[in-house]
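Student: The disulfide bond annotation in Swiss-Prot covers Cys31-Cys82, Cys35-Cys55, Cys41-Cys65, Cys45-Cys67. According to Swiss-Prot, the feature domain 'LCN-type CS-alpha/beta' maps to 21-83. Annotated signal peptide per Swiss-Prot: 1-19, in sequence order.
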Amino acid sequence: MNYLVMISFALLLMTGVESVRDAYIAKPHNCVYECARNEYCNDLCTKNGAKSGYCQWVGKYGNGCWCKELPDNVPIRVPGKCHR
């Protein structure tokens, strides 16, 4: 029984687990992508692997693109300054 658990755990680690999150997609230097239209953000987000995206009006970082189910390998806006 222990061997079965260990083999299952090893297979899980070998295949990897990719998680997703909802967040503002970030440009280099921790800046959001400014927006005016939902279509722009949806295109940007889906091209980067997200399920969808929209323009978050007057949000925490102004008018920025918010992505739903964005992969972990894509940078997101984190607390702190945008260094343009």
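Glycine too: its Cβ is placed from the backbone N, Cα and C atoms.
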Student: Can you give me the Cα-Cα distance between Cys67 (disulfide bond) and Cys55 (disulfide bond) in Å, rounded to a whole number?
Tutor: 9
Student: Among Cys31, Cys35, Cys82, the disulfide-bonded residues in question, whose Cβ has the most other Cβ atoms within 10 Å in this structure?
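Tutor: It comes out as Cys35.
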Student: Taking the Cα atoms as reference points, how far is Cys55 (disulfide bond) from Cys31 (disulfide bond) in Å?
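Tutor: Pair distance, Cα basis, whole Å: 15 Å.
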Student: Taking just the CA atoms, what is the gap between Cys45 (disulfide bond) and Cys65 (disulfide bond) in Å?
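Tutor: So the Cα of Cys65 (disulfide bond) lies 8 Å away from that of Cys45 (disulfide bond).
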Student: Would you count the other CB atoms within 10 A of the CB of Cys41 (disulfide bond), including those on all shown protein chains?
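Tutor: Counting Cβ neighbours of Cys41 (disulfide bond) within 10 Å gives 26.
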Student: With DSSP as the yardstick, break the domain 'LCN-type CS-alpha/beta' (21-83) down into helix, strand and coil residue counts.
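Tutor: Per DSSP, the residues of the domain 'LCN-type CS-alpha/beta' (21-83) fall into 10 helix, 29 strand, 24 coil.
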Student: Name the residue among the disulfide-bonded residues Cys45, Cys55, Cys65, Cys67 whose Cβ has the smallest number of other Cβ atoms within 10 Å.
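Tutor: Looking at the disulfide-bonded residues Cys45, Cys55, Cys65, Cys67, the Cβ with the fewest others within 10 Å is that of Cys55.
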Student: Between the Cα atoms of Cys41 (disulfide bond) and Cys35 (disulfide bond), find the distance and write it as a whole number of Å.
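Tutor: Between the alpha carbons of Cys41 (disulfide bond) and Cys35 (disulfide bond) there are 7 Å.
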Student: In whole Å, note down how far the CA of Cys35 (disulfide bond) lies from the CA of Cys82 (disulfide bond).
Tutor: 16
Student: Cα distance, Cys65 (disulfide bond) to Cys31 (disulfide bond), nearest Å?
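Tutor: So the Cα of Cys65 (disulfide bond) lies 11 Å away from that of Cys31 (disulfide bond).
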Student: Whole-number answer please: how many Å between the C-alpha atoms of Cys65 (disulfide bond) and Cys35 (disulfide bond)?
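Tutor: One finds 6 Å between the Cα atoms of these residues.
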